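Colleague: Following this message is one structure expressed as structure tokens.
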Amino acid sequence: MGNGLEELELKPVVEPVPERLTVDAMLQKYCGEFGPWQLKNFFLSNLSCTLEAFHTMVMIFADRDVAWRCLDHSGCDAAEKDVCRLEPGSWEWVGGRGSSTVVEWGLVCGNKYKVGLAQAIFFVGCTLGAGIFGHLSDSSFGRKRSLILVCILNTIFGCLTALSPSYWIYVLLRLLTGVSTAGNALCAFVLSTEPIGPTRRCTAAMSTCYFFSGGIALLSGIAYIFQSWRKLYIVSSIPSLFYLILVVPFLSESPRWFLVRGKFDKAMKALTIIANTNKKHIPEGVVLSLDTKNSQTNNNSNNNKSIIDIMRSPTTRMRLIIGVGVNFMNAVVYYGLSLNVVNLKTNLYVNVLLNAVVEMPAFAVTAALLGKMGRRGVGIWTLWFSGVFCLMGSMIKSNSEGKWRVLKVACGLLGLSGMAGNYNLLGLYVAELFPTVVRNVALGCASQATQMGAILAPFVVVMGGRWPFLVFGVCGIVGGMLVFFLPETLNRPFYDTLAGLEDGENTNIASAPSNNVVRVSSSNV
């Protein structure tokens, strides 16, 4: 009788303790890091980046310079470089008034600056949108609903742009389109990469830019078919509506977002669906946990983080300042060289296609080197690679002919490929530098810096002569030096909270360099 009572008293002691795992650990141990579910989600999410390329690059064709010709017996001098000194009525545009905004509103001679202004205003909108959607998608609104809003606004603003009655209405609508377009890349990137395990996340994240470059290449073909700028805006905007109706219903909200918002049941349900689709199983007794000792706290107000919280922490503050600086310099060079490639003197449609094609090998090479050199190593060398070739290009006269002209063009293309590889890396690097609760805020700040660089780039190109290549070269070299001050994130899982990041960094400093154990929670770094 006594033995039976003793056995009953011991039973609670041998009951299994719940296994508490972070999202990364759950993906690695039970769900699968990159199975069929992640593949489908990655592809569908990043299809929106193709549409982002449409909304961003459509202005290259809509605002293009159009050829002109002299009318018969008008006394027009066909040898003139432009129409500024020709008598009105002595010449005409090739393709008609609706072929370009330049023709529609006479954006030539004294009004030529308005073409660049419209482009700059679009990127001003992107700067505003990056901050707005960065905070919105990290808030209770969520990543998926933010992407839905982006698709709705892009469709509306894009189609309204095609109906612009005047130049200034056109500029206003491009501003609004920029605001909504900026949220596209942010939401798609986070939705596609957050459910992927840490050892596969790098390769996946580095593949997102193929969709944007593919969109540019596709747009060049669409623009060749629809050479009316109004028709082109409609044709390039309607796919956002199709994406909203046909694709978005198959996307799922990020389980990490559920977790940091205190919705543990929904986060667990999302991970269970991932495991089942990948033909795996999450056993009973496994509990999802944040990567901080205070993971039991699920008060949503504790997760409403902003840039103020990033700046309060010395660790994240320095990372944000450097990340913003590097993104700014990258954008000046990337967009500047993209605009400068027009000097290749090729057909516009072929030229844009070449811009897209030259970026793709850079993406592949960068992705291949990441596992060996790490994020910081690849970041430094891609910036320096671009910077060196830009400095070489600055040594060649802009009016050079023959082999020197070919060499200058080659320097520009190599500089562009290096910066494209770095551009692809920065999204992943910034995402890994910050925890889930402020990740989109940080990405939003980095995106704002990118847009500021994009605004500056056209003005650098206008400087002419050797100055553009010189500025691009200096930006590349200085940007590479700044990356030296960022930590390596290779094979480091995403943190969920700021507290988890601080705990992890402090433990990592104290740990031995030979410690190669993959961290399951912040206390195991």
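From the backbone N, Cα and C atoms, a Cβ is placed for every residue, glycine too.
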Colleague: Looking at the ranges 42-62, 441-461, which is given as transmembrane segment in TrEMBL?
Modeller: 441-461
Colleague: Look over the recorded stretches 116-134, 146-163, 169-191, 203-226, 378-395 and say which has the most C-beta pairs under 8 A to the transmembrane segment (349-371).
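Modeller: Ranked by Cβ pairs under 8 Å, first place goes to 203-226.
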Colleague: For the transmembrane segment (169-191) against the transmembrane segment (116-134), do we get 3 or more Cβ-Cβ pairs below 8 Å once near-sequence pairs (under 6 apart) are dropped?
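Modeller: Judged by the Cβ rule, the two regions touch, with the required three close pairs present.
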Colleague: Would you mind listing the long-range same-chain contacts of the transmembrane segment (116-134), meaning Cβ under 8 Å and 6+ residues beyond its ends?
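Modeller: Distant Cβ neighbours of the transmembrane segment (116-134) are 56, 59, 63, 101, 146, 150, 167, 170-171, 174-183, 186-187, 440-445, 447-448, 450-452, 454-455, 458-459, 462.
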Colleague: Take the C-beta pairs under 8 A between the transmembrane segment (320-337) and each of 378-395, 407-429, 441-461. Which stretch has the highest count?
Modeller: 441-461
